[in-house]
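Engineer: Here's a structure for you.
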Amino acid sequence: MKFNAPRGTNDILPPDTLKWQYIEKKTHQIFSNYNYQEIRTPIFEYTGLFQRGIGEVTDIVEKEMYTFEDKGGRSITLRPEGTASVIRSFLENKIYGQAQPTKYYYIGPMFRYERPQSGRFRQFHQLGVEAIASNDPALDAEIISLGMRLLQGFGLDDLELHLNSVGCADCRPPYVDKLKNYLNEHQDQLCDNCKSRIDRNPLRVLDCKNKSCQSVIKDAPKITDNLCDSCTDHFDEVQEYLDILNLDYLINPLLVRGLDYYTNTAFEIKDNALGAQNTVFGGGRYNGLAEEIGNRDLPGIGFALGIERLLLSLEAKDIQLPVESGVDLYITVIGDKAKKESFKLLDQLRNQDFRTEMDYLDRGVGSQMKSADRMNAEYTIIIGEDELNNNSATIRNMKSGDEKEIQLSNLLEEMKKLVDKEDI
Ligand code: HAM
């Protein structure tokens, strides 16, 4: 019998886990600079939350959800995204009774039954932010700049920011009618998928990459020409705030998102080096979502970034994150007595936050030294019976080859002098 990980899932192994830890650490740091606090919601929710929140006729709800009945006969779904859960939690815990706006972020796995390919998985990881209970366009710009800052923090500063406004409950329905009429007139040039979308979700047609559809789409009525006054003002102000921050963006009236809850601002950050799945993060306003799932009129805005895509983007640009696996000291032992004494020394060093290691396979000195090398040990020390008897041993810098004779009883003090604890 042989088991593989389920299709579309990945094991994240060392040393790659160090990159994930680095990304998460940096995220906590940068998000807290903007006063966003971490929220942790369940990995699964009742299915109805996503059906109502994301929208019945979206790809996610129609065909990508991991839905099952639990032993109590309830329909449960592994979360395909984080926003609906965050708003559910905000409403359920009556956070609206506290000072507003509320600024949350989350990091964790999401699940979508998609066709796996580069940058697209069935279990993937998002880090996302949500700012709830304010319609201030300054928050839209803050959220976007926060995402860009995060990417810059990882060394990515040449990505494209696409910006659109998808209107509101007043101006979108008449626009959608106009679009439907136009698409119906050009039905014969549309692919089968788009034909079926005209009635169900015509905005998604704007996203089709099919050549023939593209020729129809380019002359289709644009949402940005059909916004009501209040949406136009909001969109203008978002741009004004982005200008204040000197953030470059591209107005893209064809930008529609795959989830139905968006209103007003919608945005995506794209890395053209990534091929078909080139959106590193996307988001927007969802001023109707709280109403949809909890009968409360509360605006919100957020984005989510795919960590796997971020890593692919870094890889495509050959950017190395500053992570390093290794130990500060490897103790090479000769004989049982030295092993036991070294075991005690390791414990003392580890207690003082030194990363230390020794041999657990009764190997000879040569193999132990090879291990130290493979482990990226900064220093090694050989301890045998002689060293114990003389209270003296040689500590060696593995990079430079420099050696120093030290008193064994002083090992901790010597290590404090040798290793810059800042780096640990
Ligand atoms: P989304 O565009 O569906 O939005 O996903 C956000 C990001 O998650 C994508 O840009 C991509 O980087 C990553 N992603 C999505 N699906 C996959 C997949 N199958 N494999 C790998 N990465 C993937 C949302 O989820 C919204 N909740 C974002 C949001 C937050 N809007 C407002 N607040």
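Glycine is treated like the rest: Cβ placed from N, Cα and C.
According to TrEMBL, the protein has these features:
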DOMAIN    23-322  domain 'Aminoacyl-transfer RNA synthetases class-II family profile'
BINDING   Glu81, Gly82, Thr83, Arg112, Gln126, Glu130, Arg257, Tyr261, Tyr262  L-histidine binding site
Engineer: Out of Thr83, Gln126, give me whichever of these binding-site residues has the highest number of other Cβ atoms within 10 Å.
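Structural biologist: Per the Cβ count within 10 Å, the most buried is Thr83.
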Engineer: For L-histidine, with binders Glu81, Gly82, Thr83, Arg112, Gln126, Glu130, Arg257, Tyr261, Tyr262, what's the maximum Cα separation in whole Å?
Structural biologist: 21
Engineer: Enter the number of other CB atoms within 10 angstroms of the CB of Tyr262 (L-histidine binding site).
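Structural biologist: Cβ-Cβ neighbours of Tyr262 (L-histidine binding site) within 10 Å number 29.
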Engineer: What three-state secondary structure does DSSP assign to Gln126 (L-histidine binding site)?
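Structural biologist: Going by the DSSP assignment, Gln126 (L-histidine binding site) falls within a strand, counted as strand.
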